[in-house]
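Enquirer: Annotation comment: Swiss-Prot describes CYS99 as active site, nucleophile. What Swiss-Prot lists as active site, cysteine persulfide intermediate is CYS205. The annotation ATP binding site is assigned in Swiss-Prot to GLY7, MET8, SER9, GLY10, GLY11, VAL12, ASP13, SER14, MET33, GLY124. Residues or ranges marked as disulfide bond by Swiss-Prot: CYS99-CYS205. Swiss-Prot lists HIS125, ARG250, GLN351 with the feature site 'Interaction with tRNA', giving similarity to another entry as the kind of evidence.
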Amino acid sequence: MPRVVIGMSGGVDSAVSAFLLKKRGFDVIGLHMINWDVQEEGTSHCPRSKDESDARNVCDRLNIPFHTVNFVKEYWNDVFLKFLENYKNGRTTVPDIDCNQSIKFDVFHKIAREKFNADFIATGHYATTNFGDFQQNAKDSDEIRLFSGKDPLKDQTFFLCTVNQEQLKRAMFPLGSLQKSEVKRIAEEQGFQEVAKKPESMGICFIGKKKRFSDFLDEYIEPKPGRILLKNGSEIGNHHGIHQFTIGKRINGKYLEARSHLGFFVSHIHSDTGDIIACEGSHHPDLYASRFLINHPKWIRTFDPFNRISSNNFLCRIQRTHPPIPCVAEKQEQFLSVIPRLALRATAPGQMCVFYNTKNECLGGGEIMNIQETL
């Protein structure tokens, strides 16, 4: 049977994935990735030693080999520095997407292949492909296509939108056809109560329990004071750095001289001047984008879908927790101009816009460069 190296996070999803692989007869090896230096982390919701211990215990229970691999340097250089640079320039970013592309489906697979002679890697993502959750339908002559997992609330294709053909063809997603409730039930039936009861990791794990997001960024980004202005140019406050703000976020009253019962929200960030543009009310028209530009989108299949499919058949999403909505996309040289059917709130440069077709196939995505217009 093929050898599969599975990424063991110490959580319930990777535990059940490993069990399902072993049940199907694969030669399974568990590999725990260390991506963050605990000296940087401090006290955390996801302490490395606990996760590593839980992952090891699951592998011991399944009687499969367990190893660890250190990707701290790669994660710092390929994911974290980009994350900081984006926030330093007032852009919103999704580090999980970069982590999947550069770490989990790149250097992780190289280690799996070169050190452990693996045929495939596996992860606990809620996603599936036309090749099947276990590559059982794979054909060398076919292109692999990425589809949403069975559980719409847990679907993680959003975070896999930049993974390419080669990377997907060597990957398995054992949970693609399962609901989260089924995964937890299997975990409890197999005696994995410890991981089944663990809280799900939410947000960016390296920030740590004791820190607020803005405090964490302050540790790495030098403060650069600026003004908070209304659209008409009136100054209503001052701030210590644009990295503490994102489009759509309510502005803390400590930064403001003006007051409003509706509250003031970030509608634009000028990285060149350091000015924050504010608007009044959480549903102000300036917080909604009806058109935005995507730069150099990456497609999962080997062709540009906009050359073959009517743009009216596309859906897009800019946040994983929001369902895809219909959109029209127009090619403008290396850019795509995207017009969602409904204006989207808090659309920010740096965010990823991920495209789907009407068959729940994830086509790819690209970074939002700028907002062309609002309602």
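The backbone N, Cα and C atoms fix where each Cβ goes, and this holds for glycine too.
Worth saying up front: this structure is predicted, and the values here are computed from it rather than measured.
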Enquirer: So if I measure Cβ to Cβ from GLY7 (ATP binding site) and keep only same-chain residues at least 6 apart in sequence, which ones fall under 8 Å?
Expert: SER14, LEU31, HIS32, MET33, LYS104, PHE108, ILE121, ALA122, THR123, GLY124
Enquirer: Restricting to the recorded positions CYS99, HIS125, ARG250, GLN351, which ones have a CA within 10 Å of the CA of SER9 (ATP binding site)?
Expert: none
Enquirer: Could you state the whole-number distance in Å separating the C-alpha atoms of ARG250 (site 'Interaction with tRNA') and GLN351 (site 'Interaction with tRNA')?
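Expert: Distance between the two Cα atoms comes out at 18 Å.
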Enquirer: I need the nearest neighbour of GLY11 (ATP binding site) among the recorded positions CYS99, HIS125, GLN351, using C-alpha distances.
Expert: HIS125
Enquirer: Measure from the Cβ of ARG250 (site 'Interaction with tRNA') and count the other Cβ atoms within 10 Å, all protein chains considered.
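Expert: ARG250 (site 'Interaction with tRNA'): 12 neighbouring Cβ atoms within 10 Å.
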Enquirer: What residues, ordered by sequence, lie under 8 A Cβ-to-Cβ from HIS125 (site 'Interaction with tRNA') and sit at least six positions away in the same chain?
Expert: ASP13, GLY149, GLN156, PHE159, LEU160, PHE173, LEU175, GLY176
